[in-house]
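Taken straight from TrEMBL:
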TRANSMEM  B:16-34  transmembrane segment
TRANSMEM  B:46-64  transmembrane segment
TRANSMEM  B:94-119  transmembrane segment
TRANSMEM  B:125-144  transmembrane segment
TRANSMEM  B:182-201  transmembrane segment
TRANSMEM  B:232-253  transmembrane segment
TRANSMEM  B:265-298  transmembrane segment
TRANSMEM  B:318-343  transmembrane segment
């Protein structure tokens, strides 16, 4: 019982982070039809930025905020400078380009920050709560993780549903040509979309790093899990990405707890292949088809 | 008896003959280079050979068939582990060539299974799925620690150099055979054989089918091409190359451990293919050469700048990552493709 509860709660926390990362991938996919594999090293390098700020003596929260802003700027720069020329062209070139970026940011981080493992602080306790004689595996930082992701999601929903800016972004993603004819500055909307996605990615990076170790490849497997989560949800739907992330987090946590942590990536691969072969449109494709 | 020019033109007209002549010339160059360089360079050249074999397979898949695989490092791992499992004793069950053939076949079988699934995916989905494969496979070796050696990996015991081979090389070059050079020969012979096969395949009906599928799925299907079959075949051929490359790598590195087959390896292979030019075997070879020799130059450069060893070691990936992005942005045809294009334009304007 104890192990079951621990595994489920760990999975829920991890699932929230995967959901955030998947959401970042989905935001970019919806607007530019590119899967940004460089999201992982982008989140990694902004986490390093936070670490530098914190090591310089500032509080965790300043580092946290600086990392999020760094993510926002990095996303915008990447879209403007690197991705713009291949938008709407061959999908293979776009994928290769994001992988080139992957390698470059990776190497840059190792040159600037070194490749050794460094510990990253957490603002809340890392010990589980005690309820009776049952030790709940949910930690203070775990609760913070869940709340932070929920808040960001709520803000995104508010942005897309309630503001003119969100409406323009949705229009650009839905049909760039028509949006342009109606006076929407589609280029700017795409840049903003990438910036927001990179911010959400940075958040995921910070949450995974909290109370744990960072090194240049600590996010590499997360991009795979984020992608699997996004595909579970259909790659096109933000809500699907969140549900996919939670499902994946809990399933992988059970694989890790009951089978072996080495096979987590393999389990993710199996899940991905099953989804792609049985329901290529994602778990919720049926509902999506009906809505259209 | 026809005159010499006529006979030469007949050779250049027949694809197989032309490739065989090229391969023979290549072998001569390889013998000269391997015999005249140090053991250290021999080792580097072996690395170039196995990277070249894997990149050759990948360039056929990506360049000719339009499928992107980020999982070729995983297929190399399968070939390498198969080789290592066969070479645990001083008296192996098979000669080295047999082991490499088995490693290729085992990888081919796995590649067929993955290929059937991959044939239904395209673009980013295929990239993501093969990325997951690249991340997942090293974990398997850690999970089955008893048979696959865990994090420590498996040692590879190289069998004795066959006498006839040492004698033959001694007869040709008057040099004694060393183990490093022996492995370098194995690697380069494997490379030449692979490239002849791939070059012929790409010029044949099969290669034309692959290109047709890449360029226009609908038109290819209307022309009677079975899309799935063409895709799976391309994937299988490509993974077989990766398996062979992994086998040679196991022989060269003498140890097969999960850390050698991380995501970096798969991305490195992709870099080689993109740098050289998608679809060109010569480009794959140039890319493999860059990947083998650039790190040394970059590390030396980093040491001059006053960086630590660990930092300078990262300059090479930084350089080829940047070059890969620039290639995609400025010259999507890669090195070989751009030179060819320039050559063709020069020809028409003159």
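Glycine residues also receive a Cβ, built from the backbone N, Cα and C atoms like all the rest.
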Message: Counting only residues 6 or more past its boundaries, what in the same chain has a CB within less than 8 Å of a CB in the transmembrane segment (B:232-253)?
response: 43, 46-47, 49-51, 53-54, 56-58, 60-61, 64-65, 67, 69, 72, 75-84, 87, 96, 99-100, 103-108, 110-112, 114-116, 118-119, 156, 158, 183, 186-187, 190, 194, 198, 201, 206, 210, 260
Field: Most Cβ pairs under 8 Å with the transmembrane segment (B:182-201), selected from B:16-34, B:46-64, B:94-119, B:318-343
entry: B:46-64
Field: Distant-in-sequence neighbours of the transmembrane segment (B:46-64), which means Cβ under 8 A and at least six residues beyond its ends
entry: 72, 76, 180, 183-184, 187-188, 190-191, 194-195, 198, 201-202, 207, 210-211, 214, 234-235, 237-242, 244-246, 248-249, 252, 268-270, 272-273, 276-281, 283-285, 287-289, 291-293
- prompt: Who are the long-range neighbours of the transmembrane segment (B:125-144) in its own chain, taking Cβ under 8 Å and residues 6 or more past its ends?
  reply: 67-74, 77-78, 81, 114, 117-118, 150-151, 153, 257-259, 261-263, 265-266
Query: Which sequence positions outside the transmembrane segment (B:265-298), separated from its termini by at least 6 residues, show Cβ-Cβ distances below 8 Å to it?
result: 44-45, 47-49, 51-52, 54-56, 58-60, 62-64, 68-74, 76, 130-131, 134, 195, 198-199, 202, 312-313, 315-321, 323-324, 327-328, 333-338
